[in-house]
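This report concerns only the one structure given below.
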Amino acid sequence: MMDKIIVKGGQTKLQGEVEIEGAKNAVLPLLAATLLASEGEVVLTNVPILSDVFMMNNLVNHLGTAISFDQEAKKIIAKSNSEIKTTAPYEYVSKMRASIVVMGPILARNGQARVSMPGGCSIGSRPIDLHLRGFEQMGATITQNAGYIEAKADKLKGAHIYLDFPSVGATQNLILAATLADGTTTLENAAREPEIVDLANLLNKMGANVKGAGTDTIIIKGVEKMHGANHSVVQDRIEAGTFMVAAAMTQGDVLIKDAIAEHNRPLISKLSEMGVNFIQEESGLRVVGPEKLKATSVKTLPHPGFPTDMQSQMTAAQAVAVGESVMVETVFENRFQHLKEMRRIGLEVDITRNTALIQGNSNLQGAAVKSTDLRASAALILLGLVAKGQTTVRRLSHLDRGYYKFHEKLKALGADIIRVEDEDGEG
């Protein structure tokens, strides 16, 4: 049975301090990277306890790298294997798009890889197209067969690859593949996210030679083999950002422990425009929300622009800001589904293709809503904090993919929030 979250809002001013987990978007490719080691152990610390991490652990374990996860210590030990399997089967890959990043490591080590189509997306769709074209440029032959993508190359060769779009997944997959290739690979128009830097840091500790991560040109010199290493997962900037918005919306005063302001520049800049105060302290970043937020215009872009993963949460802040706000989503299609649910709480919004015009409304009323995706579920809970009366958020399986104990952290900051079994809901 699924759970639901019940928030009683309208009065809450969040106060206190909050600890942020390791980044989900970093740890999944780090787990894929463990497949590249043919000797030793890769030890990952600061690992977030999330359903996506369990799924990736199962996949990597199935492929031949033995995984043990000590949840109390937030530590994963990945024991390398002199041989790994070539096929990533449907039951592991279908549940999680990010699992496509095992293709690069398998191909690099085995000269061939068979990976089930992730979440049933067709090859022509943009996200995976870039990965495959990159593999082809490195000398692989790609075929599609019975729901599987197959790549074959006796030995991958270094190549000069230009990405049409700075896709995070493609950048990660191609870096992973290039680590063991013959010669040097140059990736141009590469994604620049902090999670890419984190991946390169681990790979270099494992014996790879990756330079330029965090810029749009990444150069990878292939090495003979890779080994174990120790690495602490970078902090989750999206979780940190979500708590920044929560403090901003509730006239709160919240210290985000060890926050890396550098990773959240665009968000901090936009929230500052809305009247939020940020104070850098020794132990983290203090976020102080104003009496009333001011409206603002936001456009999502690849890093270092405003992150699409903060778009839903930001629309929740815009919903209670004074005046008309604009949100333009340029990174993903179809990422406004949560706005229809927010309307039930009283959001006033006009949507034209990828642009939402939001009229701020300080008179929101709690309602029953269901989350449409991971970030939307957090955004609906944030809106519930400021809406008068009771908001019930269902379908929490989305939330658990990317937030650990989200309701408990909010409760510790003073929110009136509980999570209970959903007797009559659909999960």
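Cβ coordinates come from backbone N, Cα and C, glycine included.
Neighbour list (Lys24 (phosphoenolpyruvate binding site), Cβ cut-off 8 Å, at least 6 residues apart, same chain): Pro48, Leu50, Asp52, Val53, Asp236, Ile238, Arg401, Gly402. The feature phosphoenolpyruvate binding site is assigned by Swiss-Prot to Lys24, Asn25.
Cβ neighbour count for Val331 (UDP-N-acetyl-alpha-D-glucosamine binding site) (all protein chains, 10 Å cutoff from its Cβ): 20. Swiss-Prot lists Arg97, Arg126, Pro127, Ile128, Asp129, Leu130, Asp309, Val331 with the feature UDP-N-acetyl-alpha-D-glucosamine binding site.
According to Swiss-Prot, the feature active site, proton donor maps to Cys121.
The annotation 2-(S-cysteinyl)pyruvic acid O-phosphothioketal is assigned in Swiss-Prot to Cys121.
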Could you check what DSSP calls Val331 (UDP-N-acetyl-alpha-D-glucosamine binding site) once collapsed to helix, strand or coil? coil
Site with most surrounding Cβ atoms, counting all protein chains shown within 10 Å, from the binding-site residues Asp129, Asp309: Asp309
Any same-chain residues 6+ apart from Asn25 (phosphoenolpyruvate binding site) with CB under 8 Å of its CB? Would you list them in sequence order, or say none? Val168, Glu193, Glu195, Asp236, Ile238, Asp309
Looking at the binding-site residues Ile128, Leu130, which sits with the largest number of other Cβ atoms within 10 Å of its Cβ? Ile128
